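*Asks:* This structure is in structure tokens; I'll ask about it shortly.
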Amino acid sequence: MAEKEENEIIEHHVSEEMEKKRSRTRDSHSFLQSDTFSEKEGRSSTQSSHRLLAYSDALISIIATVMILPVAHTKIEPDQELQESLQQLLTTKIAVYLMTFLIVTVAWAAHIRLFQVIERIDDFLALLNLACMMLITFLPYTFSLMATFPEVPLGILLFCACAIVIGLIQAVIVIYGFGHPYLLNDCIQISENQTFYKRHILKIILRVPAFCFFAGIFSFIFFPLSYVLLAVVIFLPYITQSLKWCGNKLAGRQEELPESMLLYSYHPSEPLSKERVEAFTDGVYAIVATLLILDICEDNVPDRNEVKERYQGSLVAALSEFGPEFLAYFGSFVTVGLLWFVHHSLFLHVTKATRFMGLLNTFSLACIGGLPLAYQLTHEFTKNSRNELEAIQISCVIIFFAGIFQLAIWVTALFNERETLHPYVRYGGREHAFMFAKLALYPCVTLTTFFLTCILSKFSAQIFHLMQIIVPFAFLALRVLVSVALALLRLVFCPAKPTDNALEEDESRLPFNDVLS
């Protein structure tokens, strides 16, 4: 009898849950179908935001990358020690480039998150976005002023003013979007907590203008504190989340993300648009590859009179003088192209990009942006000089960090592989080993090249150029080498395991987190 009553109670609860689901479905349909005339008219005047976002990504990638030009075009005299010049670069132009790249990519990440909430646009939003892009493209100039005149508050004031106006424009976009719900994504449209979403997003957006307002005030009182506040604007979200994570681990609590946090937060696992990450990355790689040819077109086209007088009209003889420049160009272009190829292969296997993966990608792209500087340095000095050796080692360091941050993206994806990676590249499979070998190739090769140039300094240029020639062939032979290595490992450690069960073995492998635990 008690069992019968218990079954009736369970059936009653199930029927209640089913009725609630039907009610929510009817409410969502009625919400979507009960537009007023003005809403239907406004909906018909909207358009997809894809082209606007593509334009914004292209604009931001260009403005983030071209700041390397003042660094790459710094003239270093042949008789001047590279170490002294490098110290000057690190204190001024390289610092400006890195800070500008980081600030611009932070603004780009905020733009991604904003337009993950607002999925459709109209003319008003398009014009607001253009105003926001204009101010973002002006940010590098303010950083140049801050680097050139660090004791004058004008540079900080201009930057703070731009950041405040950008934040206010984004706040207007949010208010306008929630005032016209058909512009929002579907999850928020049918949500009963639109007011909470709006307040939550505005609180995060207006945090930056508030910090910049105080930084502008302190520029008149004690300007070093202004720089501290600007650094807080960049790194506070990551510091806060790291402290929360450590506190939860020490207290033994399991962190649970509210539903709103999944759309607009500073959490490392917050999803970023994978398509926009790829578009921005492609833009940076394309611009860097294009910047490499600018110096060839500008500096390595011989003068007509010089060809006629010095080389007796032989253009081939005149161009032969620029052999090292052409060799450095082709080697640098191959390096940029192969690093893009590795990034392309990585994101083919990624199903969802997160905020932390986007941060690592930003660091990798900042190193990629430094390759025009590496190209300039590798052919700037006389052969077998100390300056040439140091320039080649700097190039190895830049390429190493560009590759190591790509590898860090892969490791980060493995820690949450069920959500971020396709099943066939998760921990333990053949494609996983192949992808890991691809990502580890450039860090290993450049690290080896760096130490070889330290030991065999007289042959540093030959070693570096040999590395650039060998790497493309290594990529071509990589799949064969990985297959042979895996076959040998299976032969040594699992000689009795039949090969027919390879598919079952691949499907039954443990996730990366389970293996670690």
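Cβ coordinates come from backbone N, Cα and C, glycine included.
The model shown is predicted, which means the values in this text are computed figures rather than measured ones.
Annotations per TrEMBL:
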- 1-43: region 'Disordered' (REGION)
- 1-29: compositional bias 'Basic and acidic residues' (COMPBIAS)
- 52-74: transmembrane segment (TRANSMEM)
- 94-112: transmembrane segment (TRANSMEM)
- 124-143: transmembrane segment (TRANSMEM)
- 155-178: transmembrane segment (TRANSMEM)
- 208-239: transmembrane segment (TRANSMEM)
- 326-347: transmembrane segment (TRANSMEM)
- 359-379: transmembrane segment (TRANSMEM)
- 391-415: transmembrane segment (TRANSMEM)
- 436-459: transmembrane segment (TRANSMEM)
- 465-489: transmembrane segment (TRANSMEM)
*Asks:* Please indicate, using numbers and ranges, the residues of the same chain that are 6 or more beyond the transmembrane segment (124-143) and have a C-beta under 8 Å from a C-beta there.
*Replies:* 52, 56, 59-60, 63, 66-67, 96, 99-100, 103-104, 107-108, 111, 118, 155, 158-159, 162-163, 165-166, 169-170, 172-173, 176-177, 183
*Asks:* Do at least three C-beta pairs under 8 angstroms join the transmembrane segment (436-459) to the transmembrane segment (326-347), pairs 6 or more apart in sequence?
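*Replies:* Checked: the transmembrane segment (436-459) vs the transmembrane segment (326-347), in contact.
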*Asks:* Any chance the transmembrane segment (94-112) and the transmembrane segment (326-347) have 3 or more Cβ pairs under 8 A, given the pairs are 6 or more apart in sequence?
*Replies:* no
*Asks:* List, by number or range, the same-chain residues at least 6 past the transmembrane segment (465-489) whose CB is under 8 A from its CB atoms?
*Replies:* 327, 331, 334-335, 338, 341, 430, 433-434, 437-438, 441-442, 445-446, 449
*Asks:* Could you name the stretch, out of 52-74, 208-239, 326-347, 391-415, with the greatest number of CB pairs under 8 A to the transmembrane segment (155-178)?
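*Replies:* The stretch I would name here is 208-239.
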*Asks:* May I ask whether the transmembrane segment (52-74) has at least three C-beta pairs under 8 Å with the transmembrane segment (326-347), counting pairs 6 or more apart in sequence?
*Replies:* no
